[in-house]
Amino acid sequence: MDFKVGSLNTDKPANGDVGCLATNHVSSIKSTTPITPISSAAATLGRYLARRLVQIGVSDVFAVPGDFNLTLLDDLIAEPGLELIGCCNELNAGYAADGYARSRGVGACAVTFTVGGLSILNAIAGAYSENLPIICIVGGPNSNDYGTNRILHHTIGLPDFSQELRCFQTVTCHQAIVNSMEDAHEKIDTAILTALKESKPVYISISCNLSAIPHPTFSHEPVPFCLEPKLSNSMGLEAAVDAAAEFLNKAAKPVMVAGPKLKVAKACNAFLELADACGYAVAAMPSAKGLMKESHPQFIGTYWGAVSTAFCAEIVESADAYIFAGPIFNDYSSVGYSLLLKKEKAIIVQPDRVFIANGPAFGCVLMKEFLPALAKKLKRNTSAYENHRRIYVPQGLPLQGYPKEPLRINRLFKHIQEMLSGDSAIIAETGDSWFNCQKLKLPEGCGYEFQMQYGSIGWSVGATLGYAQAAKNKRVIACIGDGSFQVTAQDISTMLRCEQNTIIFLINNGGYTIEVEIHDGPYNVIKNWNYTGLVDAIHNGDGKCWTTKVQCEEELVEAIEISTEVKKDCLCFIEIIVHKDDTSKELLEWGSRSHSSEKVTDSGETVPVLCQS
């Protein structure tokens, strides 16, 4: 799951390269790199930005046109290797960039000033929460309007152009206002490099009159970025490893738990190396699903408190020591702060810091260096895994339905399980799909994505579009609830324009089921749509699309067979009709606990004491 971005070397500089983050410059110069001149017609600000995007591995930009960004979009289109994907609205363009970044490592989107920027803001906030580097490009006001008292359209009617910027300052790690040619290249490079370095979105506003202007600073091919590798403090690393090894080697039945920040720390392989070496039972937090090989012999499932995989919580919470690598303990992942964990038993490893029980904390220690070093000092201890094997009872198959019986959710996911391979990827929408998809056993190489920290209903349609565009070697399977689909349905049309062959299971149960289980009310009931009819109308005979409505298991089996064989090159939309109360037992438990306002407050018993950022 570790990845490199485009031509960036995120592990170490090449010979002759001078890493430049330490000196606040934005690119490194390789002594043998030829400087390639560019024709004056292509030496424009917009083309420079486009070349930088291609260089870091972005080949698709998700965009919505507006009068402030039209010239900029012309420049993006003109760049070889870069495709502009027009989306139906800015929110979906942002979600698509989110999904794209999950697969490719970085994503990009382009919208217009304020009306576009504020529309995409929610998606960028979600990407920020999930540590995704996205280059959010906005066509900004004419450079000649800055410093005047002019009132522009697409604003709230004040001669102040900073409203959009102020909004983005809270959900991006860097903001650049490009309204001068002289420092445009520096601002663009700094923003892009910061996104890659911080693994967060950045905001770039480019004045609408500048994009097509040639300038000497763009007259040569930009030298590729080279990220200087972060290094641990060697003394701190040694001390942290010694303290952690002493702590864990005293334990009788220690366990390991993977957290979502393994990915941003680029430590997935390091975590696997530690698991191989120590023999501990290995679990994953729900938001880390897909980061740990589920075929690993010591893997015991998802640790999610009361809604964990069968027998997983018992092993984790009864351990006398646990090492959490990259965890996020929020109210969702902790099931309303009800995890039975104790700080004095825990080692918490964050991307650049290690906390050991009630004892010392070590800063400037990188997770990707700490875990392999720790692997060399731990005694092999398989006690927790052997305990799991002793008590584990395999889950039974869901009850077989009788002929033409209304389809049940558990039977649906039994068949989805059988569809999975290393050439597929699962996108799970916020809702009961979270819980049902968590129970899927992922084959090695099978992708898996969901948005747990931000939990924005409707995220999955755009994210599916972006992920499928980035990972053309995989067939994406999206599980989307009807309520979520109604928020962002339009960009099914963009999937068709891009000739994607995603399989969408639209689960129609008549409402916002996850919210029903948290707190019911009439606002959770939605107007039922003819979903297959809607997709057929969007298709309108243009592109490859197949739809069907499924009400029983026999129809489901037939639909899956058609979608995976005869229609394997088509976008397949399968509407699943289920009872409104047909939910997973995990959602029922999670909903009741998440709704409770009571928190455990006994010392050492609450999850918040483990919440180190």
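Cβ atoms are placed via backbone N, Cα and C, with glycine included.
Unlike curated entries, TrEMBL annotations are predicted automatically.
Sequence annotations record features per position, and here TrEMBL assigns domain 'Thiamine pyrophosphate enzyme N-terminal TPP-binding' to 44-149. Secondary structure of the domain 'Thiamine pyrophosphate enzyme N-terminal TPP-binding' (44-149), assigned with DSSP and counted as helix (H, G, I), strand (E, B) and coil, comes to 51 helix, 22 strand, 33 coil.
Per TrEMBL, the feature domain 'Thiamine pyrophosphate enzyme central' maps to 241-357.
Remark: secondary structure over the domain 'Thiamine pyrophosphate enzyme TPP-binding' (452-538) totals 45 helix, 15 strand, 27 coil, with classes taken from DSSP. The annotation domain 'Thiamine pyrophosphate enzyme TPP-binding' is assigned in TrEMBL to 452-538.
Per TrEMBL, the feature Mg(2+) binding site maps to Asp482, Asn509, Gly511.
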Open item on the list: Looking at the domain 'Thiamine pyrophosphate enzyme central' (241-357) alone, can you tell me the average pLDDT?
Closed with: 95
Open item on the list: Around the C-beta of Asn509 (Mg(2+) binding site), how many further C-beta atoms are within 10 angstroms, looking at every protein chain?
Closed with: 21
